[in-house]
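A.B. asks: Sending over a structure as structure tokens; questions will come in a sec.
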Amino acid sequence: MVRLPLHELFFKNPHKVLVLDGGQGTEMENRGIKVANPVWSTIPFVDRSFWEDKSSAHRRIVEGMFDDFMKAGAEILMTVTYQASFKSLSENTPIKTLPAYTNLLTKIVDFSRECIGEDKYLIGTIGPWGAHVCCEFTGNYGPHPESINYYEYFRPQLEIFNTNDNLDLIGFETIPNVHELKAILSWDESILSKPFYIGLSVHENGVLRDGTTMEQIGDIIKGLGNRRNPNLLLLGINCVSFNESPDILESLHRALPDMPLLAYPNSGEVYDTEKKIWNANSDKLNSWDTVVKRYIDYGARIIGGCCRTSPADIAEVSAAVKKYT
Ligand SMILES: C[S+](C)CC[C@H](N)C(=O)O
Ligand SMILES: N[C@@H](CCS)C(=O)O
Ligand SMILES: [Zn+2]
């Protein structure tokens, strides 16, 4: 294997910051794939022609997207599996059984590795429980979020990602609810057996979408003591507003000064969950250069973009990472 294991890379190179790719679902949409459906960006992989016809239009689009993110400077990229839970797929597509699901997810991971080659890092991404009911930007998980069986929901995807050596890291993305966060943090190495990170979905005003403060999150992590899973490699924020993201990361850093962080904000546009479109919000107040510098000051080790960020954004992230490390 060409790649150093990630924990070794970060430990041996204390100033190394990896450039991540941008928003894949929205970039696929920009390139002509209709992602407005219940499994969102996973949709092209469900079609048999994606696997049977190597020159299919959708396959070309996904390959081209990986290629353009790498040309922009991405060193670590993601599988397009945000809304590919067994529940989402089995309720909304012809994939109904665990063997069919395992076969599909394995094909997606292996295809992604082929696209990016052996020297880049690959993250197996997992969207939150709320993604399948589209509440990752509200954190509203109903009257009893503490009673949801998160493990049952995540287990099929986790078991596949744990055992596939093409993946270097598992990424829980856009987590908006503290009960879901606590559940993930409670899982030991028998459940999460490879390095993982948690990306929090944080409101513009600086609290988790359900109202939990960054200080409270810091206390939850510190309170784990020796029950903390050693595979928890990074904590951070994703799909948060571009303008507010440096302040949010700063408050997470203050709460957990020794924690390696990651940050990949969205463009600042706001998602309309009914129409599945992005609406303009406020103008960008900062450049990537300013934002990336601040992320690095607060201990970020992986930096990239989320929804509505493109290869052009990642080129700016890459230039800033080179400048400040
Ligand atoms: C990060 S959001 C844009 C993902 C899509 C959403 N869960 C949906 O189903 O429309
Ligand atoms: N990795 C996902 C995150 C959505 S919030 C994507 O970029 O499409
Ligand atoms: Zn996003």
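Cβ from N, Cα, C; glycine included.
Note that this is a predicted model, so its numbers are computed, not measured.
According to TrEMBL, the protein has these features:
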type	residues	note
BINDING	Cys239, Cys306, Cys307	Zn(2+) binding site
DOMAIN	6-321	domain 'Hcy-binding'
A.B. asks: I'd like to know the mean pLDDT over the domain 'Hcy-binding' (6-321).
C.D. replies: 97
A.B. asks: Give me the count of other Cβ atoms within 10 A of the Cβ belonging to Cys306 (Zn(2+) binding site).
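C.D. replies: Result for Cys306 (Zn(2+) binding site): 27 neighbouring Cβ atoms inside 10 Å.
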A.B. asks: Using the recorded Zn(2+) site (Cys239, Cys306, Cys307) as reference, state which further residues of the same chain have their Cβ within 8 Å of the centre of those residues' Cβ atoms, listed in sequence order.
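C.D. replies: The surrounding set, listed in chain order, is Gly23, Thr26, Thr174, Asn238, Val240, Tyr264, Pro265, Asn266, Ser267, Gly305, Arg308, Thr309.
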A.B. asks: Which ones in the same chain are close to Cys307 (Zn(2+) binding site), with CB under 8 Å and 6+ residues apart in sequence?
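C.D. replies: Listed in sequence order: Gly23, Gly25, Thr26, Cys239, Asn266, Ser267, Glu269, Tyr271, Trp278.
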A.B. asks: Within 10 Å of the Cβ of Cys239 (Zn(2+) binding site), how many other Cβ atoms can you find? Include all protein chains, please.
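C.D. replies: Cβ-Cβ neighbours of Cys239 (Zn(2+) binding site) within 10 Å number 27.
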